[in-house]
């Protein structure tokens, strides 16, 4: 091949081989310059790297859970996003609220404004109970749920039913529907529970959010297990108290775990049986906790607030634990700052989260199209629906639902009353479920009262009651009661509603009573006597409201009065006639009320005949009237209680089978109980009570009262001796409180007559 010459513009000539070499060199230089130019571009033009996902694992620890709020506040302040949340026990509650869109500040406000101690009492508030149930509660004050079923004694599966705790949680969450998946929340969420039968870990990822929280929080033996899909669920802390692996499985790249659990006690702290039991509980939670900590990787962060000395039930110290959570989170913030979002992006995320919450609020504002009642009890569905008092087409707020559930639960016939909203194609439905008491339908109740006057008189009274309920589809019951003490009673009553709503009723009652009045004073003489009688009543009436009754009926009574003053004497008597009775009761406490009224009025017309010394067996017609009122108003920490009582009979004789008494605490306090007796009575009292708070005796449920009273009254035997100028004036000073066993008080009373009395008692209604 000939050698070709190539000429360039500058007159230089090259051979073809040389040209190829030059061209190749120029090409390499060009590519190199392009590469250098690309590498010199600003970093902002790089392809964006995917953000690391952050998961939050919140542990259980009861009241210490407020520390979680402090951690959330720090994360918000440093713009650290949370992409997944899983929690156990109180961690499931805080995590659930955060997942549905609440901010840390909003959760703080909810937790601090909630009376968590209420959650540890499932007793229906007295003011909400039906009229007859109030009377039963006042006498049978031992807080024991016990019944007979299939010939065996039965009791609840937990000390508490969980009704009040469920109400507190539901009120916090609001009117959310049942979810097909908790991934649909503003932040994907999971709760941990334990299968009580198999001790398996149960991951709650759908359904009713309140039920999921409650299942995770249910301390076995304290609260009844939560039944869900055929499984009995209790506190998730038994198997996994800090679900680290779960948030990893949900998709988290980085886990922030918050440990508020109790550490194992040391040798010096194991100094009592209670501490030993506490240590056994710690064994259960710590074992699972350490396994979860071992699963954490180098970039994961463990936050441990310094909560030593805080107990799981120290709800009054919640406000103190929030800063401790904040401090612990701030100590770890340097390890977390690289996760922070730019201000604008974080604000967008918060706005999106808030939008989720607003959407749920908007959905909850829609009226319900259907109300379904799931009734697995013997109670009438008609009665439940009428008591619920909610209608289709109504927008049901959290307050409306809470009040309605409380009304149904106050019927005092159910173990639990639960509700949930379900969104369907046609609209939102409300589903209400009532569960029967598993220790029924035959119930045992017990009462106890004791009194000592530091002189010559003290008394112990024991009461027992057996009630057979749901005898027929209308809700009839048969109740038998017995009392031992100086006032012995045997009573049996059959109660039959006429309709499914218990608006009208009939009842039949037999009563035997042996009552003794030692050293009784009247305006005629002083004596020591017993009254023993058998009484039969037949009545029909109406429960004109949940708080009151009106009844008319017939009675027959025969008995004996025995006097032991000087020489023992006996008189037999017989009476028959009719009566009219009215009752109303809205007091929130029978002994230390701060609101409400109680009114009782009875008018009886009888034909009475006596036989014995001084009587010829002639018949006498008499009308007997009784009136009692008690009312209370609250003024800040003070409350004022008024009492009025009156009795009258038109029988003008110094001897009768009927007597009304005075004497005893707040009933002419200067005199011993029931020491002044007569058929005609007038009495009034004004009582002042000051609430010293719940911390004086380290009580959480009941306040301690300091009080004083002014009282006036007297009894008369015959009409001619009635003289209001002979009123006896008395007063008292006392300190008292309600307890699980009824009222308890220590008091001193004095009367203008010079009589004095000291009282110490528990369980006695006054």
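Cβ atoms are placed via backbone N, Cα and C, with glycine included.
For residue 89 (active site, nucleophile), the same-chain residues lying six or more positions away in sequence with a CB closer than 8 A to its CB are 59, 60, 61, 62, 65, 216, 217, 235, 236, 237, 241. Per TrEMBL, the feature active site, nucleophile maps to 89.
Within 10 Å of the C-beta atom of residue 235 (active site, proton acceptor) sit 28 other C-beta atoms, taking all shown protein chains into account. Under DSSP, residue 235 (active site, proton acceptor) is assigned to a strand (E or B) in the three-state scheme. Residues or ranges marked as active site, proton acceptor in TrEMBL: 235.
Positions annotated as domain 'PNPLA' by TrEMBL: 56-248.
Annotation comment: TrEMBL describes 60-65 as motif 'GXGXXG'. This prediction places the mean pLDDT of the motif 'GXGXXG' (60-65) at 93.
Residues or ranges marked as motif 'GXSXG' by TrEMBL: 87-91.
The signal peptide feature in TrEMBL is assigned to 1-37.
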Long-range neighbours of the motif 'GXSXG' (87-91), counting only residues six or more past its ends (CB under 8 A): 57-65, 68, 189-192, 216-217, 235-237, 240-243, 258, 260
DSSP residue counts for the motif 'GXGXXG' (60-65), split into helix, strand and coil: 4 helix, 0 strand, 2 coil
Helix, strand and coil totals (DSSP H, G, I; E, B; other) for the motif 'GXSXG' (87-91): 2 helix, 2 strand, 1 coil
